[in-house]
Amino acid sequence: MQDAAPRLTFTLRDEERLMMKIGVFVPIGNNGWLISTHAPQYMPTFELNKAIVQKAEHYHFDFALSMIKLRGFGGKTEFWDHNLESFTLMAGLAAVTSRIQIYATAATLTLPPAIVARMAATIDSISGGRFGVNLVTGWQKPEYEQMGIWPGDDYFSRRYDYLTEYVQVLRDLWGTGKSDFKGDFFTMNDCRVSPQPSVPMKVICAGQSDAGMAFSAQYADFNFCFGKGVNTPTAFAPTAVRMKQAAEQTGRDVGSYVLFMVIADETDDAARAKWEHYKAGADEEALSWLTEQSQKDTRSGTDTNVRQMADPTSAVNINMGTLVGSYASVARMLDEVASVPGAEGVLLTFDDFLSGIETFGERIQPLMQCRAHLPALTQEVA
């Protein structure tokens, strides 16, 4: 028997506002986002991610995003020790989809902005204008030390200065095809990129620190943030408010997209049993690595993403917001997310991506008021 969930009551004005976008955070690294010996164990492949994104497109997901990870956490599960590369993966996925928006992540310490500008323009051509770029500054020092490109620990406090110059070069090249930018980190001398993107290139960021939000307010089209807690869907609201306030200072509209993991089943009890099983198998060695790395940055303050990721409360899934319950309960909680001012969308992960997306599309999404505008499904995806 499926658990009943109370219906939210919205005014017409609220319903018009509550049209929340849904994205999938594809598993570019092994085992997705569960650091547990009890979770599904799998390697990242193009075929797996193709199946995930095609299924997401079938169920009217709005976008797909891949991260970039250059060194994992080890442990019994070898967590994130095995990763594909973001731009090449998303170029492939752009070629086998037709509607869904596609976002790759640039580890900006590893890629010159002029190269990213050209790669993005190429994937814009492949996708027919469906591509955008997520910019990350880099927080896990061993990822870059192993290649001899870590700029020193002062970078922790200057990384958004670096990113500000980086995005200015990108905007020059995408907008005019030329850059003569001169800064502390980058020097462009009649740098050229052509062809330019067919549509304005979307730039996204995932800043939760004051510096990160100030950057997003000035340069990003929207900002990712972590959900918080287990079955506390609106606990992230203060973060969304901070983002709105930062954007108001720049006169721009920059909404928040919130990261959640969905663990759903027929009943609340069945879903909770899954969650407890995953927690019981937590890979303590990999989690210790995460905690150790989070303590390396002593200069960025206490409000960065990595501080939340390593919190012992729910480190088994890096402390992203977690929605555990029946299909109706998860639908209700996602409608609550949509009710938060500034929350324009969610980025979802699943304990099992293929079955999770299908269950979401068939059993959860039809119950969501904030997705009531979607057309009916017309065909099946294998």
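Glycine is no exception: its Cβ is also placed from the backbone N, Cα and C atoms.
Annotated features in Swiss-Prot:
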type: BINDING; residues: Ile68, Lys69, Asn134, Glu143, Arg159, Tyr160, Ser209; note: FMN binding site
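For Tyr160 (FMN binding site), applying a Cβ distance below 8 Å and a minimum sequence separation of six or more within one chain yields Thr137, Gly207, Ala211, Gly212, Ala214, Phe215. Secondary structure at Glu143 (FMN binding site), taken from DSSP and collapsed to helix, strand or coil, is helix. Secondary structure at Arg159 (FMN binding site), as computed by DSSP, is helix. Within the group of binding-site residues (Ile68, Glu143), the Cβ with the highest number of other Cβ atoms inside 10 Å belongs to Ile68.
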